[in-house]
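Annotated features in Swiss-Prot:
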ACT_SITE  S114  active site, charge relay system
ACT_SITE  D211  active site, charge relay system
ACT_SITE  H241  active site, charge relay system
Amino acid sequence: MSNQCKTIAHVLPVNNGQEIHVWETPPKENAPSKNSTILIASGFARRMDHFAGLAEYLSENGFHVFRYDSLHHVGLSSGSIDEFTMTTGKNSLCTVYHWLQTKGTQNIGLIAASLSARVAYEVISDLELSFLITAVGVVNLRDTLEKALGFDYLSLPINELPNDLDFEGHKLGSEVFVRDCFEHHWDTLDSTLDKVANTSVPLIAFTANNDDWVKQEEVYDMLAHIRSGHCKLYSLLGSSHDLGENLVVLRNFYQSVTKAAIAMDGGSLEIDVDFIEPDFEQLTIATVNERRLKAEIESRAPEMA
């Protein structure tokens, strides 16, 4: 088995000299061909290299896969997380999507986890997606933030907010984040329902039965508001909101999302499909190679590290 890194790195220049880093994983040779190209939007405080395993699963099954790090987030792209907002996440996703279109990429299927799923729901009616798959996707941002942070900071006047909100060891700039939530209506369940109601994009949502941050009944509510009915909910049994908490949960996530992508590429919402599973050595090699690639890119631009 080759130890050569198959990941292809791209850099997209954006406004004010900023850059979005994108990684490309081509489909494996001799893999069954697919109609769709996959774009992966990582969850909050997760970098694109955290999804190396999922990219390998999808590539092994014939998908061309792209991932990116959002602006003002963890990872390789420009900016610091204390300036991150949901609108920044939206703009980063749309920039990468439109870049793929300029490359002639058609039939883009989007996979989004956690907070990035809320971004995906925001734009689902604006982008021409083949399908959307979400995992532990946030539908009620205010409620999820209260669960994650231990307090409903969105209830405070702006001038009473702390300087930072500590989210999994990362410092969110509270004022810029909260102002954006209110100004662009990111905060409520109803705002999510309004965005998805008229979409015709097929959607599979994965919840986790031990997720303390996202209420499964609210995900059901969201799907019930999609008038097309082209949607289905599945549960990742034994998982919490942290899809990487152990290898069993992580493997189930990889398998389930890969099967969903195969099914939806074929026009179905039923994920009882055959798939090819990469072996552990292959996943390990891909992960190690991407860590080296990340370190190499950071060494060329220390200010991004």
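All positions are counted from 1 along the displayed chain.
Backbone N, Cα and C define each Cβ position, glycine as well.
Distribution of Swiss-Prot features across the structure.
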residue: S114; record: active site, charge relay system; Cβ within 10 Å: 25
residue: D211; record: active site, charge relay system; Cβ within 10 Å: 21
residue: H241; record: active site, charge relay system; Cβ within 10 Å: 21
Cα distance (Å, whole number) from D211 (active site, charge relay system) to H241 (active site, charge relay system): 5
Residue pair S114 (active site, charge relay system), D211 (active site, charge relay system) - Cα distance, angstrom, rounded: 11
